[in-house]
């Protein structure tokens, strides 16, 4: 077998016809290997590596502000799901925890929630609801659910701010009724806003099971706001 291969290799008739083959110089080479100028300019403009820190911060703040507006005017939209972030939920959680802090240095005397307690309740509740949504077959990612639940705390944060202002007046039945009214309205607002974004992500026959934990989550936060009293 080896002798046969060597004999074919040494045969001059095997490659005799190759000398007559020539590549014509008139055949044009089609196509480009260079990047168009417009594509390079567009890629340079969309890149955030060359922008200043101030521009980056302003761009993120504008994105957070737009998401706040979507929560204040809830409607079926995928903005919070498509462009999710956790900056807004973090800002709202820290703001709410700070406003729920009491003036006493010794927190064990007044029984007020600690900053860490509020922080853990908010984030642990959001994670639990997200896991429940995934177990029910929801087609939403983990961080998308956290983003929606966190941003929808905005009405309750506004309720906490109003309650702090109302508590500056004399305590009494009227004071409590005003705070109760504000908390109920903002509680319903949070429920409507969150379900508007999360309703389509759940199977039709399991939407009630997905909404019930959301109701409990915002109810606990609302109860913390309503029962808050300054020192």
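Think of each number as a place in line: the chain as shown, counted from 1.
Cβ from N, Cα, C; glycine included.
Taken together, the residues of the domain 'Yip1' (71-224) have an average pLDDT of 84. Here TrEMBL flags 71-224 as domain 'Yip1'.
Same-chain neighbours of the transmembrane segment (84-103): 60, 63-64, 67-68, 110, 112-115, 118-119, 122-123, 126, 141, 143-144, 146-151, 153-154, 156-157, 160-161, 164, 221, 224-225, 228, 230-231, counting only residues six or more beyond its ends whose CB sits under 8 Å from a CB of the stretch. Taken from TrEMBL, the feature transmembrane segment applies to 84-103 (among others).
What TrEMBL lists as transmembrane segment is 115-136 (among others). Long-range contacts of the transmembrane segment (115-136) within the same chain, counting only residues at least 6 positions beyond its ends with a Cβ under 8 Å from a Cβ of the stretch, are 89, 93-94, 96-98, 100-101, 142, 145-146, 149-150, 153, 198, 201-203, 206, 209-210, 213-214, 217, 220-221, 224.
Remote same-chain partners of the transmembrane segment (148-170), defined as residues 6 or more beyond its termini with a Cβ less than 8 Å from a stretch Cβ, comprise 67-68, 70-72, 80-81, 84, 86, 88-90, 92-93, 95-96, 99-100, 122, 125-126, 129-130, 178-179, 182-183, 185-187, 189-190, 193-194, 197-198, 214, 217-218, 221-222, 225-226, 228-230. The transmembrane segment feature in TrEMBL is assigned to 148-170 (among others).
Per TrEMBL, the feature transmembrane segment maps to 176-198 (among others).
Residues or ranges marked as transmembrane segment by TrEMBL: 210-229 (among others).
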